[in-house]
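Student: As annotated by TrEMBL, active site, proton donor applies to Glu139, Glu378. Here TrEMBL flags Asp284, Glu396 as active site. TrEMBL lists Thr482 with the feature Ca(2+) binding site. What TrEMBL records for 722-767 is compositional bias 'Acidic residues'. Marked as region 'Disordered' by TrEMBL: 710-779. Here TrEMBL flags 662-691 as transmembrane segment.
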Amino acid sequence: MLDGIWRWLSSVNQLMYSIYFLHIYIGLSPYNNAYDNEMIDRIALRLQAKEMFMHGYNSYMKYAYPHDELMPLSCKGRQRGVTPPRGDIDDALGNFSLTLVDSLDALVVLDELDEFENSVERVVKNVRFDSNLVVSVFETNIRMIGGLISGHVMAKLVQSRDENRLRWYKDELLQMAAELADRLLPAFNTSSGIPYSRINLKYGMLDFLRQQHDTCTACGGTMILEFAALSRLTGKPIYEEKARKAMDFLWAQRHRGSDLMGTVLNVHSGDWIRRDAGIGAGIDSYYEYCLKAYILLGDEGYLYRFNKHYDAIMRYVNKGPLFIDVHMHKPTIAARTYMDSLLAFWPGIQVLKGDLKAAIEFHETLYQVIKRHKFLPEAFTHDLQVHWAQHPIRPEFIESTYLLYRATKDEHYLHVAKNILDSMNKFLRVECGFAAVGDIRSMNHEDRMDSFVLSETLKYLYMIFTDPSDLQIDLDNYVLTTEAHFIPLSIADNSEKLPRRLIIDPDEIIDDENAIMNRKFRSACPATMISEKYDNLPAYAEELRSTVQNVVSELTKNSESTSSCPKMPKRLTAWSFSATNVEHIKQLKKMGIQMQFQVDGHVHLTHSPDSGEANEFTTETETLAESNNMLNSVCMLDDTGSVKKQAHIYIVHPSHAAVTQLLSMIMLVVLLWLSVMIAAAVVVCVIVCGYRIIPPVRRSPIANSIKADESNASECVKMKNDDDDDDDDDNHNDSGDGDSDDDDDDGGDDDDDGGDDDDDDGGDDDGGGYFTGMGCSWQ
């Protein structure tokens, strides 16, 4: 019964979202898009993006290097143990020039080759990994190891194109990446293979770190790209083996019914600590690396896992234009009332997956949030209001914008990127770099510029405005990690011997019968190609965006009310209906609705148009039906997605339902009581019968001995009494010599025993023989 109530509440919750978004989608007038049609000057914007990067980079080198990060308001470096601590955020810092290492490959992308060569030399000469500091395994991997590997790849590329550059370089960055990975390996010594969340760079896994058993799903599942690349570039398989083991264990911990994952689990047992399932903080890059592991390595197993997760997310987490966290074990129940900014990576993943329509729609939802608040807040509610007001200049949204532009060539995304660029210059630029925002409502700054501002945000902005032919590298020959570091697709085993590319443009498709045989490239992505022509995509995308804009408009319009659901009219609704209310029954009759009580506590309402005051399905009846559908999780749609008007309404009458539930509860208690009593009676019977039925030979030797002694003692007393009676009554001749020549005692002629006692010992029995054999003795 309780499970039924839970399922009913779950279905109501699910229906609220479904009907609400159907209400928004159906019958709305086309959105009048105020699209900015100004021409985009990509060259000017590219130069502007480069200038912004160099402003941040030069500020770091001038005021902060060799420390890990720049404090742009103080114009100094952030140093652990010296500058004020910030909690777990500081676990990314290890006194290893984080911002410089994280930005090495960006210098090649921006064609700053002289600075790149100088920076590589600085890193090789000055960066060390032996500080007595506790660092995040996750952050150290994606920022430092990823930065060193990508820096090495860029160094080899620069060497190959200009023999006069980096002539001294002998794979030092790769060796440093391996050294740092070796320092992280002790964290993988867990029962599951999932690494501990933190480790001491100098001393490894200290005792207090081993007591911290919890880690996030993303922390354990965001190692495979960097560690696989490191293994294949160094020839040491241990790194890839460790990362694969962690990924395999995480996959085994998914909920088998929903295929969803939680966000925090125990590194030894795998038990879920937090069962919230979504695509944001704590799990985001796990899904990203499931897909990108397939792209990089060509392993179909990772693609299978990603597809299973993707289908589950789009089924349970996706609600209209939103992605709302649910419980992994009860996926119809929402887990929280807000979304965090890290989920902005998802449209980019959808592009790589090939779900372009969904990518366009969700990206537009996020862009509408940005247009309302100037930046994407750290978290926002389901009606797109600010929940957490900080903005640390995260890169996820601009990353998705970049990938959508690469896939569609739609200039809308250039306008989006330009708006981001302008907002950064207007609100975030300070004398010493770019400052994060503490509250986007007041635009007050924080003394913070994370390394990803240079390594990701500004690098993506530069790449979106740059023609691929103007870049030092071919972007489609690489997969970008979650920190936007370049890993070459060539490290995978390629049996087809075809160049692997990330995105295949339509002009690279050969439209003939032998297209498969004659193709120029093998796609590394599940989205093998963009089949739509460029001249059709923008119009199609604009239509999708207009629909999303309508939905967002309704969401924000209703945010002023206490409920996000459409307001119900003041006429009779299922919410207020009572089957015992005479006025309600009269209104039903006027609407042509007949009411019948069911034995199970339900009330069956049937509409008969001819019996009502109107000869049609009146507005009141329609309203009641719709409100009742919302209440009882009944939502019928036709093939086009429109709501079907139903003439039958099936609701639960509260009073009858309460009586039914009470009777059911009483019956359940009685049955449980009877079951306990019957079980107790059976147990008692078994014990008593068993004690009486089991033969003595089955008992223990001690028990048998005690039982025999008790029996013999009884026999002896009886025999002694009989003997005394015989002496008194018979008065036979007695020698009185103590030989007990009694007829009952001696071994002579005796009527009772006949001389020889055959029953006792079979021989001549003296006077005390029988009693002695019984264990009896007296004078």
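Each Cβ is built from the backbone N, Cα and C atoms, and glycine gets one as well.
Just so you know, TrEMBL annotations never went through curation; they're auto-generated.
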Student: What does DSSP call Glu396 (active site) in the simple three-state scheme?
Tutor: helix
Student: Given the recorded positions Glu139, Asp284, Glu396, Thr482, find the one whose Cα is closest in space to the Cα of Glu378 (active site, proton donor).
Tutor: Glu396
Student: If you measure Glu396 (active site) to the residue listed as 'Ca(2+) binding site' at Cα, how many Å is it?
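Tutor: So the Cα of the residue listed as 'Ca(2+) binding site' lies 9 Å away from that of Glu396 (active site).
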Student: Which one is it: of the active-site residues Glu378, Glu396, which Cβ has the fewest other Cβ atoms within 10 Å in this structure?
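Tutor: Among the active-site residues Glu378, Glu396, the lowest count of other Cβ atoms within 10 Å belongs to Glu378.
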Student: Just jot down the residues in the same chain as Thr482 (Ca(2+) binding site), at least 6 apart in sequence, with C-beta under 8 A of its C-beta; none if empty.
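Tutor: In sequence order, the residues whose Cβ lies under 8 Å from that of Thr482 (Ca(2+) binding site) (at least 6 apart) are Ile142, Thr222, Leu225, Ser285, Glu288, Tyr289, Phe345.
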Student: Counting only residues 6+ apart in the same chain, whose Cβ is under 8 Å from the Cβ of Glu139 (active site, proton donor)?
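Tutor: Long-range Cβ contacts: Asp91, Ala92.
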Student: Can you tell me how many other Cβ atoms are located within 10 Å of the Cβ belonging to Asp284 (active site)?
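Tutor: Counting Cβ neighbours of Asp284 (active site) within 10 Å gives 25.
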